[in-house]
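These notes concern the structure reproduced below.
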Amino acid sequence: MADILKIGKYEFTSRLIVGSGKYPDFKTTYDATIASGAQMITVAVRRVNITDPNKENLMDYFKDSDVQLLPNSAGCTTAEEAITLFRMVREATGIDIIKLEIIGDTEKTLYPDVIETIKACEVLANDGFTVMAYTNDDPITAKKLENAGAAAVMPLAAPIGSGLGIQNRYNVVFVKEAVNVPVIVDAGVGCASDAAIAMELGADGVLTNTAIAQAKNPIQMAEAMKYAVIAGRMSYLAGRIPKKPYATASSPSEGMIQF
């Protein structure tokens, strides 16, 4: 039976989401996305063209694929800005699944402004959007976002683009326990093992951009991320053994040859 990721009315068989930033061109973005097997790609609509048909348009590369464009509000610092932006995007493209991202610290950490995020989430969800909300790794905030109508919560693993990996593994577990919507670990993934760990902790998916786009070989890293997410998910579903302080022999003691 297929292991489906369901976000609102949308369903996906891949649990990896990729970003579109920091690539040299749209062609490389497309090639890496296809290699990753991802079925969603985030697009910062204030920076990447998806609405003007008279300019090079990222949508042209994906129009014949099954990859869903996921507009995000990167660059927005208030709920009002994000709400206005997404309404314009839906009017221009018809896309209603979005990544809500409202930054509180634009200089150093790029941490989210969770108060503005919750405000925007409630308005956008009531307006018919399927909202995937970028947030900190706090289970209380995650629950508030779910109550505000978020179809998925996206706690950061570490600061955006840092490549530090998951800095607080317990919080990923706490967020997962706190909500009944998918949890997508977002930001800070640096390599394939980070993605696998996120999935083994119980995350429903992983979003990564910089780790692929700025790798020495983006296509190869995209493929590595694909298999890391699959392996991590399978490991989580299989169930890990408990940790013990002492050794346990793997071979039975019965029937041993006596000397």
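Positions of Cβ are set from backbone N, Cα and C atoms, glycine also.
There are 25 other CB atoms within 10 A of the CB of Lys99 (active site, schiff-base intermediate with DXP), with all protein chains counted. Here Swiss-Prot flags Lys99 as active site, schiff-base intermediate with DXP.
Neighbour list (Thr210 (1-deoxy-D-xylulose 5-phosphate binding site), Cβ cut-off 8 Å, at least 6 residues apart, same chain): Gly19, Gly21, Lys22, Ile160, Gly161, Gly163. If you look up Swiss-Prot, you'll see Gly161, Ala187, Gly188, Asn209, Thr210 marked as 1-deoxy-D-xylulose 5-phosphate binding site.
Gly161 (1-deoxy-D-xylulose 5-phosphate binding site) carries neither a helix nor a strand DSSP state and counts as coil. According to DSSP, Thr210 (1-deoxy-D-xylulose 5-phosphate binding site) is assigned to a helical segment. Ala187 (1-deoxy-D-xylulose 5-phosphate binding site) sits 13 Å from Lys99 (active site, schiff-base intermediate with DXP), taking the C-alpha atoms as the reference points. Around the Cβ of Gly188 (1-deoxy-D-xylulose 5-phosphate binding site), the same chain contributes Leu156, Ala157, Ala158, Pro159, Ile160, Ser162, Gly163, Leu164, Gly165, Ile166, Gln167, Asp194, each under 8 angstroms and 6 or more positions distant in sequence.
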